[in-house]
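Here is what TrEMBL records for this protein:
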type	residues	note
REGION	30-70	region 'Disordered'
COMPBIAS	38-56	compositional bias 'Basic residues'
DOMAIN	99-449	domain 'UvrD-like helicase ATP-binding'
BINDING	Ala120, Gly121, Ala122, Gly123, Ser124, Gly125, Lys126, Ser127	ATP binding site
Amino acid sequence: MLSAVARYKQLLSSALARYFPRTTAYLRAEREAAQPRKPVRKQSKKKSTGNKKAGSRKTASSKPGPAGIYPATRLKIEDAQVQAMRERVAEAVSAGLIGAPSDEQWAMILCRAPLARIFAGAGSGKSSTLVLRVVFLLCHLEIEPKRLTVISFTNASCHELRERLQRLLDFWHYPHDARQCVRTFHAAMATLVKESLGNPRWFEQLDEPNDEPDNPLAGARLRPAQQRLLKQAYQNAYADDARFRTLTHRLLKLPAPEEPPQGKAKAPLDACKLPGEFAALPLFELLHGQIDFAESLGIRLDRLDMKALGCAPRERDFIEAMQRFHQHFNALLHNQGLISFNGAFAQLSERLSSDGGKSGPALIALSHLLIDEFQDISPQIVLWLQAVHHRLHAAGERISLMAIGDDWQSIYGWRGSSPELFIDFDRHFPSRGRGKSTTLLLGTNYRSIEPVIRDGEKVLAEVHNKQAKTCVAAKAMQPGDHGVRLIQRFDLASGLPALLKEITAQCQHVSQRPNADRTAVLLLSRRNEPLQQVRAQLDKALPVKTMTIHRAKGLQAEVAIILDDCLPADKHPLRNALYAQCGFFAGSYDQAMQDEARRLAYVAITRGVSRVLWYTRKAQGATQCLAASQPIAQASS
């Protein structure tokens, strides 16, 4: 007769088989972690499982996948190494350095696959688990630090990860500086640039040349030095290129330029509004923004065939203007000893693909990669990663790749990123032969109560492109806790006093709550403007943080308050054409943005621990499905 524990495991296994992707790989890894002395069995063939909706979707087929280079054989891990890791982790738990890992976290920490994909849900403790994985590789598997790199999203997240890792390495008495192996993509690329392309200055860092290169996704608008250089490139293109002058006047809806011009032609500085963009911008800034997007998709503008583009004449004119402006911009960069991040990624990818020389230290450091927030990478980064590991493989280096992310939290599609690259991971990073990556799930949410988690999942119901998974709440509810409470017919101009009163009341509630989160209230919006209005009137003594949803990713508060009307995204014909041209994606840019709006709502909701309030004018988009399951609450004025 089965024990209670055995029955529970049997129930859990059947649930995993129904809901989780690549379940056999998950269960195998979990068994290996739970029973380290059991001999490793040869991997058997298995059918790929997953979201039926996602499984029936179209896949991009115009760009062939690369040849498999990752070994199908498992990593050699001795029982004694696993046992030593478990014992030292137990000591670290007793010392109060970390919490005890769960079984699913142990499966990631002790994973034997050289190619692994980890779906890490919101609040699942992925950062703590990632750090322990690095400790296991360095301290117990004795992988050389000079051959391992951890990629995190921004310099700020790298700083936090380094501190966590350094504390554990010190506890393990391992003599290594964590700063040497935790980098952003751009910092890792910059080190490689110094080794192979000299030491150029970065266009993106004209105002801060001494800082380590950061992910531009975290940056704000262009700074003055960048604007000046773009303006100069625009003026050069306008003065030297008659066709560019014609295109400029068409796009700005100005009369045709005088040809030939009298003296040096002066470029018009009128603003231009592109369909799908939020605001009108100076043409040189608008051109640069769309060039940046195209390059993030892996498109080489100098090789783009205009005849192959399926778009209207105005979008065709804009893309031709992008090409011509880009030539002058690159020439100006070269003359001043500058290079852009995009240009460096493209040059490195090509050089690595064609160069058979000796691998230097900067390249060897990328042999064993652990990449966080993988759902937010772009095709350009995929091409670079492929080139890096193909080059290392050709040189006889051992390579491995662990990608950690959550497609449900992918919110940077407007900058060229896409969760499709994570969902279709095996197409872009194939194993040798018929092998597949091992897929694991961190599905326990240690942050939010169950009603918050379920309401977050509701807003994802309409997302076309997602991986099926079910998250489980670890946190128990207390009286008064609730999921998303929707307040409709809210207008900030007239409703601000009532909102401020509600924020104060929520802070008071949190102050009386046992074991409450350090941040009482997190006020969120897609845009900065409403946050600024609230911040101007908010009592500064209250434990409240206000930030955009994008900047709040990874944070939490006892109560999340969201200000968002969920307005539908405008159609973007130009980006639809570029999306189709790049060959990486099955759908259009417009569809990707519809999905992203839902995922952004999910990110906002899952910042809340025990309560979420959502203020909106009317239920639409992400909030429409929430409104259907609860009574209408109207904002008081």
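The backbone N, Cα and C atoms fix where each Cβ goes, glycine too.
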Query raised in the report: For the recorded ATP site formed by Ala120, Gly121, Ala122, Gly123, Ser124, Gly125, Lys126, Ser127, which further same-chain residues have Cβ atoms within 8 Å of the site's Cβ center?
Result: Thr129, Asp406, Leu442, Asn445, Tyr446
Report summary line: Note: in the chain of Lys126 (ATP binding site), residues six or more apart in sequence with C-beta under 8 angstroms of its C-beta are Ile118, Ala120, Asp372, Ile404, Leu442
Report summary line: Here the mean pLDDT of the domain 'UvrD-like helicase ATP-binding' (99-449) is 94
Query - Ser124, Ser127 as binding-site residues, winner by CB count within 10 A - result: Ser124
